[in-house]
Amino acid sequence: MTSSIDGFKLKLIAIIAMALNHIGSGFSLGDYSPPVYFFTEFIGKLTFPIMAYLLVEGFYYTKNRKKYAERLAIFCLLSAYPFHLLFYPNHSFSAIELVNNIFFTLLMGLLLLMACEKVKSTGVQVALAFLFSFTTILSDWTLIGVLMIFGFYKLRGRKIGIILPAVYGAVFLIAIMTLMHVSDPALVPLYEVFTGLGILLVIPILFAYNGERGYSPAWVKWGFYGFYPLHLLVLVGIRFLIQ
């Protein structure tokens, strides 16, 4: 694959994969068509690795890291209730759900990178990575999300810096899903365990990234942020109409 994918195209791939993933899980497609559900989950695993990689790129290229963090925090809060409505509609909203979405994981990853810039010791940086990862244990992508961000950061500019985070991300998800399957096969069917392999699809995609921002007017930047809570609300509305 040639280096022909810019940042705009990467974001498009990420949000399309995200929408498919949320359609599959939000509409419980596994109850109706396991193959379709497997596809939505498998492709959906592309979203976070791409966003994590772009977060690291943004960390280096943004003019104001503080404002970058503020944007993530704002959209984390804006996304909390839509996320609840789609995935936990039969439960009351709880405060812990304020950190149960992808923006919180990305925010913790960004704060980790900011902290790592202030220390030179790799050992301390690794310790910080695990510390920050525990803050996301109840969030989207749980412990592994921040660790993938850290991998993209520490190994930036090398092919292994794309391969290794994707591989250990996939191994982690498969291990967790395997444990869940063993614990409750009805809740997590065996086929769902292998959806974690979808992360590996990100490797050729990121190899094709040419380092350019691509189409990037202001509305695009804010549009990608806003897509997350808005598409959740749209899916909630569609589900309400068809049920």
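Every residue, even glycine, has its Cβ placed from backbone N, Cα and C.
What TrEMBL says about a protein is an automatic prediction, not a curated fact.
The transmembrane segment annotation in TrEMBL covers 12-30 (among others). Residues 5, 36-37, 39-41, 43-47, 50-51, 54, 86-87, 189, 192, 205, 224, 227-228, 231-232, 235-236, 239 of the same chain lie 6+ residues outside the transmembrane segment (12-30) yet bring a C-beta within less than 8 angstroms of a C-beta in it.
Taken from TrEMBL, the feature transmembrane segment covers 36-56 (among others). Packing against the transmembrane segment (36-56) from elsewhere in the chain are residues 7, 10-11, 13-15, 17-18, 20-25, 29-30, 102, 105-106, 109-110, 113, 140-141, 145, 148-149, 152-153, 156, 162, 165-166, 169-170, 173, 191-192, 194-199, 201-202, 205-206, 209: each is 6 or more residues past its ends and has a CB under 8 Å from a CB in it.
Per TrEMBL, transmembrane segment is recorded for 68-87 (among others).
Within its own chain, the transmembrane segment (93-114) is flanked in space by residues 47-48, 51-52, 55-56, 59, 65, 68-69, 72-73, 75-77, 79-81, 83-84, 128-129, 132-133, 135-136, 138-141, 145-146, 149-150, 153, 228, which lie at least six positions past its ends and keep a Cβ under 8 Å from the stretch. Sequence annotations record features per position, and here TrEMBL assigns transmembrane segment to 93-114 (among others).
According to TrEMBL, the feature transmembrane segment maps to 126-150 (among others). Sequence-distant contacts of the transmembrane segment (126-150) (same chain, at least 6 residues past either end, Cβ-Cβ under 8 Å): 48-49, 52, 55-56, 96, 99-102, 104-106, 108-113, 115-116, 119, 165-166, 168-169, 172-173, 176.
The transmembrane segment annotation in TrEMBL covers 162-182 (among others).
Under the heading transmembrane segment, TrEMBL lists 189-210 (among others).
Taking Cβ pairs closer than 8 Å, the transmembrane segment (222-242) reaches residues 11, 15, 18-19, 22-23, 26-27, 71, 75, 78-79, 82-83, 85-86, 89, 101-103 in its own chain, all 6 or more past its ends. Per TrEMBL, the feature transmembrane segment maps to 222-242 (among others).
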Quiz item: Where else in the chain does the transmembrane segment (162-182) make close Cβ contacts, counting only residues six or more beyond its ends and a cut-off under 8 Å?
Solution: 45, 49, 52-53, 142-144, 147-148, 151-152, 155, 188-190, 192-197, 199-200, 202-203, 206-207
